[in-house]
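Working notes, beginning with the structure itself.
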């Protein structure tokens, strides 16, 4: 029964935030229910106004006499009931006190409320009911369809989601939204809250907020209507206290109580809300996420609720916010909302699944949705009567909420006798009944009256604007939805940014350490360069490396930005700050992190290598390096901000980085650039920096000559005028090369460009900064589609192809075709009846937390018998899942004691395989279909002795039994594009049943987060399995009384893993109730939910206290003694049973290793085929960069610079390596997490089969990619022309292809080796990048073995790229004549009286140079090389070593594979030894 409003508002804790400027005074609690209700009761408007005035007067008198007058709770904490940090804190008293103070000065604290009315509300989207799955072969058809859609010729179908909704919610009221998943609950809430991203509203839609239009509310007053989604997204590095303090500060009003600073206000509000929601103990705990340990899941949910609460919106839309909370905490949350609405006049619209009667009774109104139709709107207390009068029946103990939702499920609604042909059946019939009802007519009249009372643009809007304006800080625009000014937003985001930095220093520290190591390595390679012409190339290479590493230091910022983007978008919707304010602050926050990285790296690099050691030149070097880092940081951030998904950003970014590298001006000098790509050099900021660094190093400097031409025997006494220095820019007769001339001749660089370039760089910096800030403010992430099923092409069932205009993308296939329960039982006969009994005694489980032993389970006893369904319940954190994991033998750490026996015998290796474990998370391979997932489980987990045909037949039985025929061919996909929540849960159960478990099934929270109908269907399914001989142990929280009736026994745990009860439940749970009542608990009320009553009895419900220690009561009870006795008896009797023969000879696994390998390999091949985005991203990296490199180095001549360019073209081809590695790692990690979390504990297959299949699947694809990479790179550069002189064009072409193939295979196996033992792909990518850089530095291109210090020679030998580059260069250019370009020809005047031939013949013969004009007697022209082999010898490459190198490369590939398997075993395979030792100890 619903409590009267006054009682309800004072029942339990008053636990919700009050915005001091939101809502009417406290009297709202005593005002009448609604306009509609009053008119219905015959009270006229005039009379109502009088009653309201009277109530307000009485309320004010009661406040004045409350004894809290004048006490400011923000400053005065003398009253412990007003101090949120006190145990005696009373939130109701705090609320009353605050409202009393603010109501005395209505001018300073104007109030605002926002009720809502809606008429003709129609929302729709575009899409299809079912889509076909993209594969490598059919993705082109999708692309064609997308192009047609782009030009307006697509077959986009309008899908109506909400149809003709009508209703109104007054300020101070609460509306509950009921409907099954897919009925449009979320869409309705989003529409009211203005979150229509990807949705459209019909033109006639009329939504008003007490005189404010929909458009104005969601622009000027954005953040005043809030939508709180199901998901929890927060910065994991922040503590819960800091997260909430940020929200409190962002919405802290300007019109605070006198003497209260903004910080005092925010801190106090934060403390109050945390106290109200029971979060005070998490104040200094990190929020965390899946990867970072932090608060628990339920606490994280409450942090989200607290954040929304602190924003103080007058209208709040809560979407399934109780998901993951136990029933008592969920009730407490709804009561808190009730208090907020009663005291402050705020309005709450709440979609809730599995609403208990106590929760339902808190609400004023209810709206019931059925596949996008409204079938009821009105008072919550009248809804049940409305449908019972229609002809439906509500079973005893079924909650009103469950009854209303069950009406929308054909299999679950019950019709009263005699009404079978009178009740509506389809959604349209229900909607028609509602439209023709008297209740609707009354509702329309009430909406009319509501809108007349609050006309658009009337006084209510003025009042609202005034209240909002009073809160805003100075310098805030009148039309701005934000409370703070722009500068204050930046300051606030800055504070949070530094807290995030402090919370996770690992990234900064690892970057500083990593860059320092890299600087030391590079500096040691180029250690103390001499100041002769020999160091020219080395200095250029060093500066090239330095500027690239500075430029690309910020590339990973793209990833960080994408991780925080959903959080920033959420806060923007809450109107906490501009996204651009966060963008600016994140740039500033990163500066202190960038500074140490930059200083350490550049200092080491500059001074160790003997670059120009003067303060001025170092300053110029550092200035350009830092400016380049900042410019490129903005460019990468801009790319991330512009792209609407991370995948969209990755391939373009890597190609963009490669373009920047090539067109910096070192790998291909400006004079050699082809006109079609020359422009890329102009728009490359790094090119300007590189030019300035070269000018800074070489300009105004003379380098002594290291080698003269001619030199050697006979030339020692030749005059200097007849010699020339060997190098570009040399002049005969000079014993040095002038730096300025070298820059001009070799690079076309001029000293006058030094500061011009800095100006251009600043231009790039400013432009990219503005572009990033603008993009971050304007570009939104991609909206998700509505829920649709995806099928393999050609297998879309006929019913799914028909897209009706009524179809609902939230769940188009809400299955009206569900069969009646009795028809399904025919298929259950296939289930194997279990005979074994699983029993355990005195089970304890201890783990170490921060060096302290902590007991998770404390002497737990129990058993599960075939044909029984046992519930495992407990308070949050009681160790329910831990007990399930310990019993299922899935624990890999900690100390376990006690006995866990099957028929009196210890569990053997096959135990995990013989049990099914239905996990809470529905983890499945996204690309597989439902049938394939079941077949995979059946093939691997059923005994090898069972024929394949029999296994497949059993899968069909499972599909029928679980009613999955309609979507058996559907692809699992991701939520929204694939199976919905219920279908996923059924598949999770199906996968375990398909394995034919011999012993029992464990279920972990199978109903968590489901609506009551889905929860009921899952419980009915478990009951059905049990009735056919299965044994099931199932953890459950938030169960309704009806759900609990499905269970036979209960094991209840209190905090610390102590048993409170283990035994039968009895009919209507009488046995359980009797146990507690006999032991002195209060009586259970007749209509109460016994599960919730029990939580209150043992003190687990918030606000309840136990009058005795119930675990102690159990310990000394007669019932426990009986349990102990029965366990002892079982142990003795069951041992007498004959032991069944072993069904499989493979112990741990059902199938032999070779069979496991082939089944796994088939699945991963299928997965890759169905991931066209991955395969085509790989193809793009193997086509676009090679093609680009090919056309950049188009038809290189065999000049000295030409050969160097060809060498760099190989070097640049290697640069695609890290991108290919990065692409592969997330796919491996996805497969691995599925294996480790679900398939390994189930003993489906061995880790060896998993690893080998994951390595082998990559090889064919990479071999295929070698083909385009080879053709796009080898032929445009023209390397094949070098084979003409030796007449080996075909042979060398084939060998080159082999080398490209080896490179691709090496890439593939190297990726597997790097990710094998490492958790996160990002970490593995970073380590792979470091190792790649090392291989590249020591491969002999940037620094030849002659230049390398002796210490590093071993690295040159160890680097696989040394052999790869050596082989590719040898095959590409060996044996061809060299033709010097004009700037490479040396001009030497012969001594008087000698011609060129006579003077230089001895030298050219000895040095194998070419004399171009032997007969001339002046200006002798010498090309210092005659064949390409001389160039190769200079970098220690011999053609004769080609096949030795190929052999060594194959050894590397084998090594990578073996290392991948070994590392996986070493790091990730649980070692049983550790656990056994722990047990012994």
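A Cβ is built for glycine as well, from the same backbone N, Cα and C atoms used for every other residue.
As recorded in Swiss-Prot:
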- 1-10: compositional bias 'Basic and acidic residues' (COMPBIAS)
- 1-45: region 'Disordered' (REGION)
- 19: N-linked glycosylation site (CARBOHYD)
- 61-89: region 'Disordered' (REGION)
- 76: N-linked glycosylation site (CARBOHYD)
- 134-396: domain 'ABC transporter 1' (DOMAIN)
- 320: N-linked glycosylation site (CARBOHYD)
- 530: N-linked glycosylation site (CARBOHYD)
- 542-562: transmembrane segment (TRANSMEM)
- 587-607: transmembrane segment (TRANSMEM)
- 616-636: transmembrane segment (TRANSMEM)
- 650-670: transmembrane segment (TRANSMEM)
- 758-778: transmembrane segment (TRANSMEM)
- 838-1081: domain 'ABC transporter 2' (DOMAIN)
- 874, 875, 876, 877, 878, 879, 880, 881: ATP binding site (BINDING)
- 1174-1194: transmembrane segment (TRANSMEM)
- 1210-1230: transmembrane segment (TRANSMEM)
- 1249-1269: transmembrane segment (TRANSMEM)
- 1298-1318: transmembrane segment (TRANSMEM)
- 1327-1347: transmembrane segment (TRANSMEM)
- 1358-1378: transmembrane segment (TRANSMEM)
- 1395: N-linked glycosylation site (CARBOHYD)
- 1446-1466: transmembrane segment (TRANSMEM)
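Spatially, by CA atoms, the glycosylation sites 76, 320, 530, 1395 include one closest to residue 879 (ATP binding site), and that is 320. Among the glycosylation sites 76, 320, 530, 1395, the residue whose Cα lies closest in space to that of residue 881 (ATP binding site) is 320. Taking Cα separation as the measure, residue 530 (N-linked glycosylation site) is nearest to 877 of the binding-site residues 875, 877, 880. Residues 874, 875, 876, 877, 878, 879, 880, 881 make up the record's ATP site, and a Cβ search at 8 Å around their centroid adds 882, 1053, 1055, 1057 from the same chain. Here the transmembrane segment (542-562) does not touch the transmembrane segment (1174-1194). Their Cβ atoms form fewer than 3 pairs under 8 Å, with each pair 6 or more residues apart. For residue 874 (ATP binding site), the nearest of the glycosylation sites 76, 320, 1395 in terms of C-alpha separation is 320. Within 10 Å of the C-beta of residue 875 (ATP binding site) we count 21 further C-beta atoms, all protein chains included. Secondary structure from DSSP puts residue 874 (ATP binding site) in a beta strand.
For residue 875 (ATP binding site), the nearest neighbour among the glycosylation sites 76, 320, 1395, judged by Cα separation, is 320. At the 8 Å Cβ cutoff, the transmembrane segment (1446-1466) and the transmembrane segment (650-670) share fewer than 3 close pairs (sequence separation 6 or more) and do not count as touching.
Sequence-distant contacts of the transmembrane segment (1358-1378) (same chain, six or more residues past either end, CB-CB distance under 8 Å): 1198-1200, 1203, 1206-1207, 1210-1211, 1214, 1279, 1281-1286, 1292, 1295-1296, 1299, 1302-1303, 1306, 1334-1336, 1338-1341, 1410, 1423, 1425-1432, 1435-1439, 1441-1442, 1445-1446, 1448-1449, 1452.
The shortest Cα-Cα distance from residue 880 (ATP binding site) to any of the glycosylation sites (76, 320, 1395) is found for 320.
Across the structure, residue 876 (ATP binding site) and residue 1395 (N-linked glycosylation site) place their CA atoms 99 angstrom apart. Here the recorded positions are 76, 320, 876, and the one ringed by the most other CB atoms within 10 angstroms is 320. For the recorded site, residue 530 (N-linked glycosylation site), the DSSP three-state label reads coil.
Within 10 Å of the Cβ of residue 881 (ATP binding site) there are 17 other Cβ atoms, across all protein chains. Sequence-distant neighbours of residue 878 (ATP binding site) (same chain, 6+ residues apart, CB-CB distance under 8 A): 1053, 1054, 1055, 1056, 1057. Per-residue pLDDT, averaged along the domain 'ABC transporter 2' (838-1081), amounts to 88 for this model. For residue 1395 (N-linked glycosylation site), the same-chain residues 6+ apart in sequence whose C-beta sits under 8 angstroms from its C-beta are 1414, 1415, 1416, 1417. For residue 530 (N-linked glycosylation site), the Cβ neighbour count at a 10 Å cut-off comes to 12, with all displayed protein chains included. Cβ-based neighbour count (10 Å, all protein chains) for residue 874 (ATP binding site) stands at 26.
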